[in-house]
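See structure below.
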């Protein structure tokens, strides 16, 4: 029956059609429209006044000093946040791995920042870091250390934002790593103990490879997430002082009312960078990741 | 096989009913738009003449807090006195947020009939041809542009069209802690030179830390622009092809003056975030003796301070000069209820029960000649001379940042201000970079 076999062929497509319709409407179409916008000096309110300017937006992006400033800020931010969060989360997770009452409480405590709105967190840290009346400088002064200008100096502002992001992110990643650690079968450790393997060796040769899929997952999502940092910057510094904390997404946001074509072009550049990064990760690291 | 088709049919029906459900929900949310909540109302749904042939006029504004309450009261009075028009006021966030929303609403054909518009954005909207020319409406109500306070009309016309009228307007002014100056036997400065001496004389420094600064100003383009025009420069040159303060050395003079004051503690330049509140707070607490700040803060400061508080003109260099600020009101050309919208604007601008009450309560500047001459304003000025100073200063009002591309240039100007004020970058080279960017934007 010809009719029936054609239906059999069509059926899977029909089944995924609703989901694909959603993806087309809310993912593919916006991306294509973004690329379309990036070739225009676009007038949102009056389309007749939009001007096609070809690649001008892109030439402008790559010749402007503030774009490179935003790009390098974003890179420094991403690298620091990813490395620090990974390292500290792993350390805490290994420490909290043993199940005891204290550990459960500590783990809940560390996780708490994750369930609080990042805006509230940013505001609280904004007060803590106030140079004259803030708590952090008070502590520094009592300890006899020189106070810092924190968010108000272009030298320390980016570092301050990084501290807040790391502090907020750790809890969530500790949770993932602890879950991964506890899924390791005890028999492997028992075998290692029989062989008199040192603690470091057990960690390096057994624990790390087994939890590597989770670590890889964290690495990828955290890199992408950090590249798109926005809320902390918006609340705490507004990109300042003097662009010291201006990141790419905030840079895009800065042109929202005045030049949406330029914003769109920067968005396309950001998409390309993140795509490239993810691709590199998968090529380089997927071989080192141990899937059971 | 049959079964499959049935399933498919079922799925399809479900999808369709889901979609219909979405649409239904939308209509539902529009029916309660009569309340002044922050929700985004789609005006179209309200445009059908609802109950008893009432015309609904959507009005977006940017007034929160106390001023928002005063605006709500104004709208309420309007609705009570007009049986055929219902104005729905919606708070849309601060000026910039309102502008962003308005841009998107125009693009999506859901713009309100009337909107408040920060004056510096008026040109940008007018250039996109989305603002209605109000001249015929004014004529039909036998009014003219001359009925409004001249100093506040700087941003109202575009290509000989009257596209907006002043509403909640303000101007920067010098706020002075008179008690502090009297203590040291100092007079309120009227020139930059006197400002240098007075501000420096007021500084208190202990162990390398400043306990008191001479004066301060919020992080904004407003105050440097004021100083540029005081020093005889213009922000944009006359034909809007370049900036008007680079080649004549005015820009350098302004920023060198600021840097010199900043280096001795005579000027405290606040961090960008929340700078307005920070400076107000410092002024109230006596940590700074003088402040450049909007006339909009007079009301709040009068209530908060416990010292002798006076206002004065911004000190002059070559001349007295000050820009204006605040927002205008404009009619969107996409509106389908222009007559009703105009009636609201006319009433708000000229009726003694309308704008005048709002101005009396909020402390914004009176914007029509009738208002200025009214007994109520006279009585208020008698009681609070600080507010009269603000109005009197309007004789020197000059707005030189009037260009379609101003919002984009402003972005670059902020970068220059930050580089100079926060990172002490070389004034001349920073201004050169800024000029280059501004020229490029203006040439587009």
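Don't overthink the numbers, they just go from 1 along the chain as shown.
The backbone N, Cα and C atoms fix where each Cβ goes, and this holds for glycine too.
TrEMBL lists A:12-36, A:75-96, A:108-128, A:157-181, A:202-227, A:260-282 with the feature transmembrane segment. Residues or ranges marked as domain 'ABC transmembrane type-1' in TrEMBL: A:71-281.
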(request) Return the stretch with the most CB pairs under 8 A relative to the transmembrane segment (A:157-181), choosing among A:12-36, A:202-227, A:260-282. (result) A:202-227
(message) Out of A:75-96, A:108-128, A:260-282, what stretch is closest in contact terms to the transmembrane segment (A:202-227), meaning most Cβ pairs under 8 angstroms?
(response) A:75-96
(request) Sort out for me which stretch, of A:12-36, A:75-96, A:108-128, has the most Cβ pairs below 8 angstroms to the transmembrane segment (A:260-282). (result) A:12-36
